[in-house]
Structures are given as structure tokens and as C-alpha cells.
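Novice: Taken from TrEMBL, the feature compositional bias 'Basic and acidic residues' covers 662-680. What TrEMBL lists as domain 'Ig-like' is 10-111, 226-308, 314-393, 403-487, 493-585. What TrEMBL lists as region 'Disordered' is 639-690. According to TrEMBL, the transmembrane segment annotation covers 595-616.
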Amino acid sequence: MYFSWERHLPTASGSELYTQDKVFTFNTVEIKVEPSFKVRNGAPMSIICHADISKSADFQLKYNFTIFKDRRLVFMTVSDTGDARYEVPVAKSSDTGDYQCTVKADKKTGSSDPVHVWVTGMTKPTLTADKRDVLEGEVVKLRCELPEEEPPLQFCFRKIKTNSTPRETCVPEPYTNFSVLEVSVEEGDNILQFDCFGRRNVKLEWEDSAHSNKTLVTVREPFIKPTLTTVPSSNVTEGDQIQFECSTVVVRMHDIEIILQKNKSILNSVQDKKLLRYSTVATLEDSGEYLCKVEQGGASKTTKLNVVVSELFPKPTLVASMTKLDKNKELILNCSINGFQKANFSIIRKNANGDIPLKNSQTLKMRVNVNDTGSYTCKAEVKGIVKESKPVRINVYAPVSKPTLSVAGGLPEVVLGKPLQLICHSVMGTPPKTFRFYKGDDVEKIVINDTYATFLDENIRLNDQRGYRCDARNNHSSGVKTSDILNVTVVVPVRDASLGSVPYGEVEDGSEIAFLCSVKEGSLPILFRFFKKTDNEVLLFEKIEHRDRAMWHKETMKRQDTGTYYCVASNRANVDVRSQPITISVILAAWKKGVVAALVLITIAGAGALALWWFLRKKKKAKGPSMEMSGSALAANLTSEKLARQPNDGDYYSGSGYIEDSENHMKSTDENKDSMENRHSRISGHPDAT
């Protein structure tokens, strides 16, 4: 950078000369730190900013120096020289940071690169406590402060107990140079000492201060550890009255609470008292560990006591004469205690809605029904102690009824190639029931269910003559009940439908025709349907036959009956089999052709007579031409006319040929008919697959 002043001088010719003076530029601006970039906390420190400038001449400049720390202004001065000093008499850790210097002269500015200065070490913090004498459970509030340091900081508090490792708790403080921590005084904290230290992060490194002064806190017990006793203290037996006593000595009675627990369950509690009593009739379940707890504020002390209760008598045992028995049989239930006879017994039936007492006795006799199935127990009572036996399950069975076997679809039939699903159903009888399915004499499947079972037979064969049956049984002594034999009809689907007609291919208008639809195989009866193929399929005729063919006679065929015909055959297998289509053409009848030919001949004859009359009249008027020439011209004209009409005469007079063809066709259709009859006699000879 440079700066100049220009002066204009006149010349002899009147022009001006330009001269430059007072030109300067910044070469460098840099910062130096004394004694070094790393300064000990408490030592003096100087930040020196130096500007290196080049000038065109020796002239004076005013320099404005500005020093920043972490981009915040910390020092400003004006100097006639290129140097400025920022003195820090006592360096602190808060003086750590990045320093940068900016110099302005006239309209030019120069800046240094930032320089990091690290003031090592931190000042010693001070620690104060709001209490010096506390009770167990109370809270001490501690304050640790670093007044000469700047946040962010971290404060670590230490709780020091005799003969134990100090417990340390650290609290980050991003915005203040102090921290407050509340510490609970626990049971056993007799004499406590606290101190603290500060911590900061510099360039990703932690730096700790020295530890503060130690603060002593004296702790007193608000109450003594409780005492827990029982009366009687030993040889407790079921039925004995047992009393628990829990007591303590307190400094202040206010807010004192005593709690008695067993297995975390609270048995009794008192407040603002120093004695708790709890009594109960001892049972075996009362054996175990008891806990007496005294609480006041945040203080808590406990005492434990183990209690053993001896058994007065064992649990009773319920014995049944039978656990599985038939309906209307006698059941005997007997309740007893091993080695103990003097007790009050009762027999009970268990129920989800509550126990049902049956008899206050040691023995119960009853004739059972199915509804008596369930769980039974007995109870014995001695000296107010009631004990219950383990439950005994009693199952009462009614005999199964004769099962019925049926096809899931309803009718006793199955389509060949399809699976057959059978249902065996026994209405009566106590579940569970065991069902067995038989095909012939072979057991196919065993199922255990409540009222019915299903069986799927996927191996259906055409000539399988074996019948199906099933049986059912349960735990009743009557044994097995067997169903009637079920014979299932195998329905063979229709296969290979074909359609023929007499006559075949062509039929005269007004004549009759017979269509024959037949199948190669299929169970009877068979439904035959005849269709004419149009945009919408038209059903012409349908018939159910107990044979493999069906005939449809149509007495009169018309020209509009020309078209394509086919038939569809089906049976109970519900599979439609469609034949190949045949085309029938309805042609003009022979007598109609004769009439048309006669009309054509009459028309030609009339036209010839008219022409002859016209020719003779013209000749008479002409008077010139000779008779010979006229005759030859007429002959030529007739000849040409005859030649010209021959094609038409040929279309209409091919009757002999047509009749011959028709006779040949009728002959062929008769032969075809004989062939169809023979063919259908062969089809009808197929054995019924049912």
C-alpha cells in the first residue's frame, strides 16, 4: 500500500509537471509478547504491536493502534512511532486468547496475524457452606467461586469422609464464575470435609486450579437405629399370637415415621411416635425376614429380624375313589391329615366365581352327573389355622352317541379326481372324543375333538367299491360306537363331446334336419344343450338323457338358419364339455329351382317374339333390303342373343347336375347316418363309469 501527495508546477510552454512526495506503504504489522507467548498466572505481560512502513521521504505520520483479544477490543492508542505496547501487570487465566493488532495511518490500514497467548495456571477458588452443624438427612449448600476467572468453567466439589475415598461431583458453568451444589447428609456421615477446584478447557486441553480451602461440617444423628423385637421371642408355632415391637430414640419428634415391612409389603406404620406395635396369629407364611425402618426428613435407618414359625399340622390330603368315572356312578372323597385326627374338615368344589362348600365332613359320598366334573379340595382347621389340600380333578363321562358319517357337500358323491371330505359327528357324550375313519377295513385317520372330526380322502378311484365308516369313543366304559356304512358315488366328468347332423353340410330350404350330440364317457344322467353360434350364444334345445347321446329334430330349415352349430354336454361334475362346431348351409329346394328356370324361359321367349315383330315391321318400311340379307341378319341376331344368354341359362338349368349332386349328397348323408348310428351304438356300448 502507498499514499502520495502530487504537486503541479508550470512549465515554459504553459503545461504542468507532476511531482510525488510523502508516499508510504505498510510492509508488515506484527505482534510480539513479552516475556513469551506462554505466561505464568500472576506474572506481568506485554503485548507489543509493531508496524513496518516504507516512506518516499522523511515525513511524520500519526498511527492509530487497536489491539483485540478474541475479536473483542482490549486496547487503543495513538503514537508517532510504529510501535505500541499493551501492558498487563498481573496476567490471569482469563487473559488467555488470540490477540490481533490493527494500525491506521491517514487512509491506510494494516493488520497483523492473530497470535495465541496462554496464561498458564488458574487462581485458587474459595468454598463456603451455608451450615457447619447438620443432622443426618439434612442438606448442605456449598458455593465454589473463581472471582478472577471468566466462564465457561467447570467446578468440581469433593465430599471427604474419614478413611474413605473422596466422592467427587463436577458441575459445568458456561456463563458464571461460580457454582452452587446441594449435598445430602447420609447415615454414617459423622464428620465431613468439603473442598473444590476449578477447571477450564484451553485448546482442547483441560487445566485445573489448585484446591480450595477445606470446609468442616459436623453431623449429628436425628434418631438412633431402631430396635425390633417379637413376643414370644422364640418357639413360635402356628396358631400362637405373635407381637412385633419397633422403637427408637429421637432428637425431634416432629415428622418421625416408623414402618414395619415383610417382603417389601408394609404391615403397619406410625407417625410422630417412637414405638410401633403389630400383632397377628402366626402361620407358616409368617416365617421370614422383617424390616423396621425409621424415617425423618431425608434420614433413614433400618433394623432386620428373622422369624421362624413352626408347623402345627401339615396340609390335609384329599383322596378320590376314582378320578375318571361314568355318569351315575358313586364317588367317594376322603380328607385326612397325616398323624393328626382332631380337626374340623370341609370338602369344597372349586369354582371361578368362588368356592362351593359341599359338606363339613371328612368324607363325602355322591352319585355323579356330567355337571359334577371339576376340581375338588378339602380344608382342615385347628386352633384357628386353616389349611387347604391340593386340588383333585374329577372327570365324569356320558357315553358317546352313535356317530353319523356324511359328505361335507351334502350328497353322497364325489367327482373323479376331486378330494372327498367326510364329517363324523357324535352329538352326545363327554369330550374329548376319539374319532376313527375307515375306508373298507383300513383305518385312514384318528382325530381327537369335542363333537366332530373331518377326513379328506384324496385318493378317489373309479372302481373303488369300499364303503366309508367311522367310530367314536371317550373315557366312558361303554366303549366304541360305530356309524353306518356310507357308500359314495364317484361321478365321472363328461369327456369328448361331438356333434353330427343328417343331412350334413347342406339342407334344402323347408326340409328337416336332425342333430346328434354324443360323448365318449361320463356318469348319467347327462344334460345336452344345442347352440347356434352368433354374437350372443343362442340356446336352441336342451335335454337330459340317461344315455351317452341326444337327438334334436328341427322339422323346417329356413335360409336364416344357415350358420355354425355346436353342442355342450355336462353332468353332476359341473364340467361343461363343448363339441367342435359344424356349419350348416340352407340351399334352395329343387322345385323352386324349376319354377325359376321356367320363368326365365318364358321371359326369353317373349323377348324373341317382340324382336321378330319389330324386325318385320322395319323391313316393310325399308323397301330396299333383300329377304336373304334380312333372314341372315335375324339368324345372326338370334344366334348372338342365344349366345349372350347362355351363362344365365346355365346357372338356372344346372338342375340335373344339382339333382344328381343332391342325390349323391343324400346318399352320402345316408351312409354318414349309418356311420353315425354305428358310431353311437359303439358309444352307447361304453360301460357306465358310475
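Note: Cβ is positioned from N, Cα and C throughout, glycine not excepted.
What TrEMBL says about a protein is an automatic prediction, not a curated fact.
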Novice: If you run through the domain 'Ig-like' (10-111) with DSSP, how many residues end up as helix, strand and coil?
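Specialist: So the domain 'Ig-like' (10-111) is made up of 3 helix, 68 strand, 31 coil.
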Novice: Looking only at the domain 'Ig-like' (493-585), how are its residues distributed among DSSP helix, strand and coil?
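Specialist: Its residues divide into 3 helix, 55 strand, 35 coil.
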Novice: Using DSSP, what is the helix/strand/coil residue split across the domain 'Ig-like' (403-487)?
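Specialist: Summed by class, the stretch gives 0 helix, 43 strand, 42 coil.
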Novice: Grab the pLDDT values for the domain 'Ig-like' (403-487) and give me their mean, rounded.
Specialist: 90
